[in-house]
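Student: One structure, pasted below without further comment.
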């Protein structure tokens with residue numbers, strides 16, 4: 001089942017690379033865009049993925065009504081994670097696909113077509129980048145770099161985001177802001193970054209990257225240490241075990 005899913009995700013990435021005459025419209029929330037290619041990629045993935053696992057639900061970002069992600073098998077899909085980067089030609093977006101069974105993530109794939117980087121994992125089988133095993137770094141909080149998402153569609157959370165980021169800047173080496181939550185998670189999974197957080201994310205933003213991170217030896221919870229949720233938005237704290245634990249022990253989100 002893994003390899004047909006990876007093939008579908010890679011094909012979806014080729015649709016992104018072929019994009020031209022991109023038509024953009026706004027969704028609810030400031031700076032929240034959808035393009036004709038978000039819809040095109042999601043339609044392609046729905047057809048392909050449900051042909052591989054016909055009895056699965058399909059939870060996609062561009063759907064107005066979402067299937068149940070907590071019962072039975074469910075694909076959780078972001079066709080273009082960070083549409084804002086895609087619209088601006090910044091070449092840092094990803095296709096993100098996860099498969100859950102009864103609310104437990106069992107497979108994830110995150111593909112950056114611009115760098116031809118395919119991250120993937122299956123539950124209990126480790127995490128990989130283009131076939132090579134990956135693992136989180138062993139750098140401590142003080143030795144590490146962190147990335148953030150600024151929850152741009154929720155301006156009421158900006159002050160909290162900047163407060164937490166300021167605390168981390170006092171304790172860590174530096175900050176990165178890339179724009180794609182899925183690729184933030186895979187950057188942590190392969191040791192490029194030590195820690196990441198965002199005050200609110202939708203399940204399709206993080207589901208694919210979450211299992212890749214945990215299979216690479218990382219940790220992902222909400223900012224208060226509670227479990228992430230697949231059926232509703234939640235905050236995200238992700239990192240290698242040392243950095244993640246230190247963040248919680250120092251109560252940096254309070």
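Just so you know, glycine gets a Cβ as well, placed from its N, Cα and C.
TrEMBL annotations: computationally assigned, not manually curated.
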Student: According to TrEMBL, 61, 78, 80, 81 bind Mg(2+); identify which of 205, 224, 231 is listed for that same site.
Tutor: 205
Student: Inside 8 A of the center formed by the CB atoms of 61, 78, 80, 81, 205, which other residues of the chain have their CB, for the recorded Mg(2+) site?
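Tutor: Not counting the recorded site residues, we get 77, 79, 82, 83, 94, 96, 181, 182, 202, 204.
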Student: Where's the emptiest Cβ shell within 10 Å among the binding-site residues 61, 78, 81?
Tutor: 61
Student: Please state whether DSSP places residue 205 (Mg(2+) binding site) in a helix, a strand or coil.
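Tutor: SS state of residue 205 (Mg(2+) binding site) = helix.
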